[in-house]
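The annotation active site, proton acceptor is assigned in TrEMBL to Tyr154. According to TrEMBL, the NADP(+) binding site annotation covers Gly11, Gly12, Val13, Arg14, Asn89, Tyr154, Ala155, Ala156, Ser157, Lys158, Ile187. Annotation comment: TrEMBL describes 5-185 as domain 'Ketoreductase'.
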Amino acid sequence: MLKGKSAIITGGVRGIGRAIAEAFCRNGADVLLCYRSNDAAAEKTQDELAQYGTKVEILKGDVADPEFATEAIAKAKENFGKIDILVNNAGITKDKLLIQMKGDDFDSVVDTNLKGSFYFLKAASSVMIKQRAGSIINLSSVVGVKGNPGQVNYAASKAGVIGMTMAAAKELGRRNVRVNAIAPGFIETDMTDELNDSQKAKMNEVISLGRMGSPEDVANLALFLASDMSAYITAQTICIDGGMSI
Ligand code: NDP
């Protein structure tokens, strides 16, 4: 589905980003994966993805640093000659009740999840506009659609991602650059591993399909949005939550 295409995936060495990277490589894409600090996961990913025979570049840096986005885009352009796909996946949580949430807790989550996505969106779109082609996928969350107690900072950042997606899609559509968002529900990764078994069981009760999603479930949707199969879809936020947000 992605033969001859190249992609940048932020937060691409663990969890959902790692599953997306594997789906893209398996389908023929060259990938540049960014991560912040987990060197062991980065090395393991590089080794494991080699089996697909496409180019796999890995770059360490903080998405909240605007210069990192410029560096990543330049590296992808140099190695692949073009950038067909951007997946803004890197994200963090710092959950606290509103009255206990400090300004720093709010800023750091917004800086990574929203501003980090903006820096990569801006840098990648300048290349894609010239190419007259591109697909950008931003990871939001059902929390950005519906809200969630203890996550005022995270909800604000992920709702911001949805607004940014629609505005960018309107700006870039005439240049054949599509921008969509994925809003996952409760997905089994390190991010949700902090919950204990009884908390997880409670969550499963409100999911129609009765189970947490897997990173591969989300990767399948990202693959569809990245490929030409979704050529007439832009500005959308697609919830992938097993029916949790109904
Ligand atoms: P994980 O915590 O498993 O992985 C996060 C990845 O993002 C890691 O590779 C991490 O790098 C990278 N990262 C985090 N902060 C930065 C930063 N400042 N600069 C560069 N890289 C960074 O997260 P998930 O896979 O669970 O989540 C992926 C995305 O999906 C996030 O945007 C999240 O908000 C969203 N999402 C997840 C849900 C879930 O249930 N899991 C539900 C809804 C949305 P490193 O490996 O170096 O730490």
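Cβ from N, Cα, C; glycine included.
With respect to ligand 1, the binding-site residues Asn89, Ser157, Ile187 contribute Asn89, Ile187 as residues with a C-beta closer than 6 angstroms to one of its atoms, given in sequence order. Taking every pair among Gly11, Gly12, Val13, Arg14, Asn89, Tyr154, Ala155, Ala156, Ser157, Lys158, Ile187, the residues listed as contacting NADP(+), the largest Cα to Cα separation comes to 25 Å. Across the structure, Val13 (NADP(+) binding site) and Tyr154 (active site, proton acceptor) place their CA atoms 21 angstrom apart. Its Cβ taken as reference, Ser157 (NADP(+) binding site) is surrounded by 28 other Cβ atoms within 10 Å in the chains shown. On its own chain, Ala155 (NADP(+) binding site) has Ser141, Val143, Gly144, Gly147, Asn148 as residues at least 6 apart in sequence with a Cβ closer than 8 Å to its own Cβ. Same-chain residues at least 6 positions away in sequence with a Cβ under 8 Å from that of Asn89 (NADP(+) binding site) are, in sequence order, Ile9, Thr10, Gly11, Gly12, Ile16, Gly17, Ile20, Leu139. In the three-state DSSP reading, Val13 (NADP(+) binding site) counts as coil. The most densely surrounded of the binding-site residues Val13, Ile187 is Val13 (count of other Cβ atoms within 10 A of its Cβ). Following the DSSP three-state reduction, the secondary structure of Asn89 (NADP(+) binding site) is coil. Its own atom aside, the Cβ of the residue listed as 'active site, proton acceptor' has 24 Cβ atoms within 10 angstroms in the protein chains shown. Between Tyr154 (active site, proton acceptor) and Ile187 (NADP(+) binding site), the C-alpha separation comes to 16 Å.
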